[in-house]
């Protein structure tokens, strides 16, 4: 995995291949395509499998992950999208609320790597989406894989502590 950090851990090894949902908002198609290719490559390098779930925008990523998490078919999730600041406060709403949703999902037990790019301009977005440069999508995929490995190492069971998504 490429990237800007010297602190990149090796990908975890798995006895049983994890199944990952890549939830992507293709609002900026070229950025999304680069993110998707990078996330897939990292997931495959760890021996995991993936499925892509498309949503219209970054605000819909959290609800889509929540729906998929309730189904129980995926071991982890990679959230991908791009939010570029515009001329209104809508940017702040999308950035803050998408991050909040992903954080709440993590606190409820979902293994989520957050690769939603939040930037001031397209140049910054391209730099962060490029696997040879900052590669935020590859980093998000690696984060999800590490969380899955951690969750598996902790073993089954719940102690009734923390947040839980409401179920029907």
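Each Cβ is built from the backbone N, Cα and C atoms, and glycine gets one as well.
Annotation comment: TrEMBL describes 90 as active site, proton donor. Secondary structure from DSSP puts residue 90 (active site, proton donor) in a helix.
Summarising the annotation, TrEMBL assigns 5-amino-6-(D-ribitylamino)uracil binding site to 27, 58, 59, 60, 82, 83, 84, 114. The Cβ of residue 114 (5-amino-6-(D-ribitylamino)uracil binding site) has 79, 99, 102, 140, 143 as same-chain neighbours under 8 Å, each 6 or more residues away in sequence.
Marked as (2S)-2-hydroxy-3-oxobutyl phosphate binding site by TrEMBL: 128. In the three-state DSSP assignment, the secondary structure recorded for residue 128 ((2S)-2-hydroxy-3-oxobutyl phosphate binding site) is helix. Non-local contacts of residue 128 ((2S)-2-hydroxy-3-oxobutyl phosphate binding site) by the CB criterion (under 8 A, 6+ apart in sequence, same chain) comprise 117, 119, 134, 135, 136.
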Subject >> Sparsest-packed of the listed binding-site residues (82, 83, 84) - C-beta count within 10 angstroms >> reply: 84
Original post:
When you look at 27, 58, 59, 60, 82, 83, 84, 114, which the record names as binding 5-amino-6-(D-ribitylamino)uracil, what is the longest CA to CA distance in angstrom?
Top reply: 16
**OP:** Ten-angstrom check, please: count other Cβ atoms within 10 Å of the Cβ of residue 27 (5-amino-6-(D-ribitylamino)uracil binding site), all chains counted.
**Re:** 16
